[in-house]
Amino acid sequence: MQVFLQTLIGGVTFGAVYALVAMGFSIVYRTMGLVNFAHGSVVMIGAYAASTFYLASKLPFAVAIVVAIAVTGLIGLVIERFLRPLENKDFTLMLIGTIGFGAVLEAGAVLVWGATGHAVPSPVATEPIDLAGVRIPTYNVLVIAVAAAATGLLALFLQRTKRGAAMQAVAMDHQAATAVGIHVGRSNAMAFAIGAGLAALAGSLVGPMLYVNPTMGGTLGIKGFAAAMLGGFGSMPGAIVGGLAFGLLDSFAAGNFQEYSELVTFLVFAAVVMIRPTGIFGEATVNRA
Amino acid sequence: MRSPILAAAFILLAACAPPGQSNQSGAGATGPIKIANVNAQSGQLSSLGQWEHKGVKLAVDEANKAGGVNGRQIQLDLFDSQGDPTVGTNLARKIAGEGYVAMLGTAESAVTLAMAPILKDAKIPNITSGQSPKLAELKSPFLFLNAPTSVTFDETLAKYLVDEKGHKKIALISNNGAYGSGEHDAFLAALKTRNLTPPADEVVTPDQKDFNANLAKIREKDPEVLFIGAEEVQSGLIAKQARELGLKAVFAGGAPMGTDVYATTAGLKNAEGSIVSSPYLSNDASEAIKAFAAKYKAAYNEEARMHVAKAYDGASILIEALKQTNGEGGQKLADAIRGVKRAGLLGDYDYDANGVGIHTTKIGLVKDGKVVPEAAS
């Protein structure tokens, strides 16, 4: 039982991070119908930015995260601005453009921070919580709480604000949205900025749990992408459920299938997607091209 | 009509000949001697690759300043393997086709294993920092290891843990990459010869980040020692998560656990007391090592470490061998490397038939993030 619960803790923590990454993928996809392949690299830039402001500039961790979100939000805006001329014209070029941006961001990180990476000490120094032998690191609790709060805020923004409603409208029918006076370009830019901000949040939170280096976005990006697919690409609740499901699947596979864990994780993922191609919360796919 | 064909055939034959036999790199050549340095300069293992390159470059720069190899300068060209065996095989073909007399690197066993057959066919000696027992099993006459294999590392470790300290409950966690699986097999074999069976033997993947499930299973067995067979970052993550789970076992492993990357990733408190088997324990171990560390610090403004010293030793041996062959490569250079006896930074080099240069390691303990020799602790 202890092993089961301990596995659950690890799965939920990493699942919360995957969910944040998946939400970033989904918000861009539902608004523009575009998979942002630079998203994993933005996660990495977020991790670097937060850890640098936290370690070198000695900012409190929470402030460092906010600064990192601002930095990556800006990067999101730049990516969208570069892709905007291709909107509704060449979807494939847009996709390649995001891949290119990912490579540029990785190379940029090597130039700025070097290739070796750095470890980030945990900002929470307290001992893990012990619940009848099941140990929950306090930092893991913080990660889950912050991810849940960010999810709640995003839901409020999308459902209760005018700008959020406008983004939803663009996602549903961008031509009709344009007709009623919604600026589609601005809405897309906001989607990119929010997506990048979520990536930065995921990267910042995962930094003290991992080792920050230029290639860390690869694994997190792939798992976040798979989580978004599992939940239903473009669906925000799907991204959350997909992220948690993927985290748990990963964690339990590691415990039960040892060196074959990754194989098992992706086999289960492939089976779910084959049975339900649109994911758990499958919505009609968006395609602007 | 006939002479252009003959000329083309001659050029083709010259291009196919081993570098040691080509005019450009042979004994009579006067131009620079081309040496390839292949290591990960990007990707997850780039820290190793960058240290290795700096170690090699230091040795080559010194040699060039001192007049090169019998008057010829060494041209050191760096290639980024990205830690990827596929990239490595492409680079091996490139090196074979562009007149390099030897290759230094890589730090990753998987990449070296992938490159070895191509370099063997091209008769290009390769001095690698990989330590997988599979490298020695290849028995390639052109492959040399500038450190012991995992068998030596883990035999020393098992001898210390079991024979000297009397530990019986030793659990294992290792990854299934080339390095991790080599460590796993070698340490398990060392335990078996002592009639010990590990209470837990968890295998993870090289990309795994969450070890809660594996470590919770290990915790149930309450081992005295946890052997970690993984690279620097993953070893650190395992140690950190193990302590968070309340695992009290002493951590033990090979050279990666003697690095600052391990200590900072695990957290200094968590890494404290880790037992390391390594041929290079600290920058203060001897006068020669102290002098080397000072030289390295002056050149790169950072602390020297095992991977730097390892690469420096390998490059120094190659330079010594090149002086003997007068810059010639091929079989002659491989034979010369095998004949070099050198008191290096990692130990006394004496290559055996499998290309292994060093046959002993020492035990060290991590104190405040740095390794100190066990006897001095």
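In case you wondered, yes, glycine gets a Cβ from its N, Cα and C as well.
These numbers come from a predicted model, not from an experiment.
Over in TrEMBL, the protein carries these features:
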- A:6-27: transmembrane segment (TRANSMEM)
- A:34-55: transmembrane segment (TRANSMEM)
- A:61-79: transmembrane segment (TRANSMEM)
- A:91-116: transmembrane segment (TRANSMEM)
- A:136-158: transmembrane segment (TRANSMEM)
- A:191-212: transmembrane segment (TRANSMEM)
- A:224-248: transmembrane segment (TRANSMEM)
- A:260-281: transmembrane segment (TRANSMEM)
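Comparison of A:6-27, A:34-55, A:61-79, A:260-281 by number of C-beta pairs under 8 angstroms to the transmembrane segment (A:91-116) places A:34-55 first.
Within its own chain, the transmembrane segment (A:224-248) is flanked in space by residues 8, 11-27, 29-30, 35, 39-40, 43, 151, 154-155, 158, 171, 202, 265-266, 269, 272-273, 278-283, 285-286, which lie at least six positions past its ends and keep a Cβ under 8 Å from the stretch. If you look at the transmembrane segment (A:61-79) against the transmembrane segment (A:6-27), you find fewer than three C-beta pairs under 8 angstroms, all six or more positions apart, and that falls short of contact. Long-range neighbours of the transmembrane segment (A:136-158) within the same chain, counting only residues 6 or more positions beyond its ends whose Cβ lies under 8 Å from a Cβ of the stretch, are 9, 12-13, 16-17, 19-20, 23, 27, 122-124, 126-130, 164-165, 167-168, 194, 198, 201-202, 205-206, 208-209, 236, 240.
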